[in-house]
Structures are given as C-alpha cells and as structure tokens.
Amino acid sequence: MVRPKHQPGGLCLLLLLLCQFMEDRSAQAGNCWLRQAKNGRCQVLYKTELSKEECCSTGRLSTSWTEEDVNDNTLFKWMIFNGGAPNCIPCKETCENVDCGPGKKCRMNKKNKPRCVCAPDCSNITWKGPVCGLDGKTYRNECALLKARCKEQPELEVQYQGKCKKTCRDVFCPGSSTCVVDQTNNAYCVTCNRICPEPTSSEQYLCGNDGVTYSSACHLRKATCLLGRSIGLAYEGKCIKAKSCEDIQCTGGKKCLWDFKVGRGRCSLCDELCPESKSEEPVCASDNATYASECAMKEAACSSGVLLEVKHSGSCNSISEDTEEEEEDEDQDYSFPISSILEW
C-alpha cells in the first residue's frame, strides 16, 4: 500500500491566507467615537475594534472614527491629557441621509460641516403673540419657546397665552387647569388634584399660614390650588392657639417669625445669605420700609423675629396707593417652595 506524500504547500497556503485575513482585519479595525470636538479630535469613546463601516452605520451625525488600533493606556492619555484622539474622521461629511430627530434639521455650518440645528415646525401655530412658559419666562411667541425647548429644556411647555403675569387676572388656563399665584407672586396654570388619601398618621398634619389645619401636604396643595394663590406652610402638626413664638416648635433648622397682623407664628428658613449684587430690585415691605432686596427683607425679619412680607417691588414711595391695595392680599411665604405647589 502506497501512502500519499505529505504536501507542505497546502499548509503554507492556508497560513498565508490566515495572515492576510489578520492583516486586513487589523487594518480595518479602529475605534468608534460619539463626537468630534472643535479641536478636531475624537471624544467620548463608544467602542473599540470596529471598522469604519460598522462605526458609521449608527447614523449619528456626530459619530467619528479613528483608524489606529491602540492599547488602553494610549486611549486614556488621549482622552485625559490630549483633549481626544488624533486623526479623527467624521462619519458624515454632508447632510445627506442625516436624521437629526424631531424639531431639528441638518445644515452646513460656516466651516462647511454638517450640524443639527433647532428648526421646529411652527406652521400650525395660530397664536402669534407672546406666551408664558412653564419656567415662568415670557417668550415672544410659541415658536421661540419651541426653540428654547429644543436647545436646553425638553420639558418646557406653554402654560398660557400672553406675557407671564403676577396675578391670575386675565389669565386663561387651557383645559381643566386652574390659575394659581405662588408665594413669589407669579401666576401658574396647574391641575388641581381633587382626591387626597386619608392620613394614616398624626405626623402628616400641617398648619397652614391661614391658621387652618390640613390633614396632609396633599390637602394643603389642593386647598392652594382651589383658592388660586399660595397658602403656605406655617409649621408641622395641628394648628395651636399660640400666644407667641415660644409656643411653636420649629423643625428642620427653621425659626419662628411672629405675624402681628393675624397674631400667628410661622416657621421660616433663616440661613439664606444675601448675594452682594447691585442688580437686585428693592422691595417695599409690610412694615412700610424699603429694603435693598427681598433677601435683605427676609434677613431683617429673621433678625427681629417679626414676619415681613413684600407689599410691592420698588421703593415704598414709588407706587400708587391703588396698586398697593391690589397687591395687599398677596401672601408671602419663606418656606413653601414653588415645586411643592406645582407637584400634584
């Protein structure tokens, strides 16, 4: 029996093909990055050992690729000390087949590079006047608000048409929402929660600034919403017939301030440091004194232990008596934040 002779040529050919494959794979493999910085370098590593085709298949405009397949130490030095990876190749050179998502369009910038910019569809907007946003700011129109939402505030919505107001007068809230004036005298449209669970503990009772005991924070918020302006929290627990602040126990580092107008005390935060800013607007307080800012007024109240409220902005001599009467009923609260009013 004659055995076939071993042919080394076949094994060499196999090894040659394997080496060629490894070389091709090594040449194609690189690093995929999520963005190219202004300095031209790749930043935010997405994945290693990817070909350019694999990296750029994500369709993201900012995705970039580097050909060099380097070790982890080099990658670390690039990202920490060098501002990114060199020889950065952007996946997209034009706006062709670029999907920027809703409210955005791809446009070539001055450097002839594709960029996604905010371009909301405003064709169906019927109201052309100013609108008040959920952030309490007035926008010249709804389209301007949509651009602001696209850029930095994804939760921003129109709460009512017209400029943001300090009173619920002439505010028309959409749907079933109700206008509420918060403790900073800003009007907001909120939806009143008309169903509150019954309290399960006596620790849930709260005393409002109106001298009424509420079963829980939910009941206080509900009353605030239905009333249309801030009630505010005086202190935790049921309301008591206190003769002075000595009868009231404040928690959470708060201090009791006595309201001589109604003969009640309320717990207020007194650890606020007033900034040295010349841009602060002076306020006229309930003691008919003018303070450099609302913060300065609160500081004086905490120092004296007597509650002070803002009657109006500006000097006490800079506004008519009619306007004072209109704003006299607005209740000021130091310790009941706006988020507590609006979270239903």
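In case you wondered, yes, glycine gets a Cβ from its N, Cα and C as well.
Long-range C-beta contacts of C42 (disulfide bond), restricted to its own chain and to partners at least six residues apart, with a cutoff below 8 Å, comprise N31, W33, R35, Q36, S64, W65, T66, G84, A85, C88. Under the heading disulfide bond, Swiss-Prot lists C42-C88 (among others).
Spatially close to C91 (disulfide bond) yet at least six residues away along the chain are K52, C55, C56, T58, R60, L61, T63, S64, W65, judged by Cβ distances under 8 angstroms. According to its DSSP assignment, C91 (disulfide bond) is coil. Residues or ranges marked as disulfide bond in Swiss-Prot: C56-C91 (among others).
Look at Swiss-Prot and you will find C95-C106 (among others) tagged as disulfide bond. Taking a C-beta cut-off of under 8 Å and a sequence gap of six or more, C106 (disulfide bond) has these contacts in its own chain: L61, C95, V98, C100, P114, R115, C116, V117. In the three-state DSSP reading, C106 (disulfide bond) counts as strand.
Neighbour count (other Cβ atoms within 10 Å of the Cβ, all protein chains): 19 for C116 (disulfide bond). The disulfide bond annotation in Swiss-Prot covers C100-C116 (among others).
Other Cβ atoms within 10 Å of the Cβ of C150 (disulfide bond) number 19 in total over all chains. What Swiss-Prot lists as disulfide bond is C118-C150 (among others), and the listing cites similarity to another entry.
Annotated disulfide bond per Swiss-Prot: C122-C143 (among others), in sequence order, evidence recorded as similarity to another entry. The number of other Cβ atoms within 10 Å of the Cβ belonging to C122 (disulfide bond), over all protein chains shown, comes to 13.
The domain 'Follistatin-like 2' annotation in Swiss-Prot covers 167-190. DSSP assignment over the domain 'Follistatin-like 2' (167-190) gives 0 helix, 8 strand, 16 coil.
The annotation disulfide bond is assigned in Swiss-Prot to C173-C189 (among others) on the grounds of similarity to another entry.
Same-chain residues at least 6 positions away in sequence with a Cβ under 8 Å from that of C196 (disulfide bond) are, in sequence order, S215, S216, C218, H219, K222. The disulfide bond annotation in Swiss-Prot covers C196-C218 (among others).
Feature annotation from Swiss-Prot assigns disulfide bond to C245-C256 (among others); the stated evidence is similarity to another entry. In the three-state DSSP assignment, the secondary structure recorded for C256 (disulfide bond) is strand.
The Cβ of C250 (disulfide bond) has 20 neighbouring Cβ atoms from other residues within 10 Å, across all protein chains displayed. Among the features that Swiss-Prot reports, disulfide bond is placed at C250-C267 (among others), with the record citing similarity to another entry.
Per Swiss-Prot, domain 'Kazal-like 3' is recorded for 264-318.
For C270-C302 (among others), the entry in Swiss-Prot reads disulfide bond. DSSP assigns C302 (disulfide bond) to a helical segment in the three-state reduction.
According to its DSSP assignment, C316 (disulfide bond) is coil. Its Cβ taken as reference, C316 (disulfide bond) is surrounded by 17 other Cβ atoms within 10 Å in the chains shown. Per Swiss-Prot, disulfide bond is recorded for C284-C316 (among others).
The compositional bias 'Acidic residues' annotation in Swiss-Prot covers 321-333.
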Where C42 (disulfide bond) sits in the secondary structure, as DSSP reduces it to three classes: strand
The one of C143, C245, C267 whose CB sees the fewest other CB atoms within 10 Å, among these disulfide-bonded residues: C143
Coarse DSSP state, helix versus strand versus coil, of C118 (disulfide bond): strand
Per-region confidence, the domain 'Follistatin-like 2' (167-190) (mean pLDDT, whole number): 85
C284 (disulfide bond) to C302 (disulfide bond) - Cα separation in whole Å: 17
DSSP-derived structure type at C196 (disulfide bond), helix or strand or else coil: coil
Between C270 (disulfide bond) and C150 (disulfide bond), the C-alpha gap once rounded to whole angstrom: 38
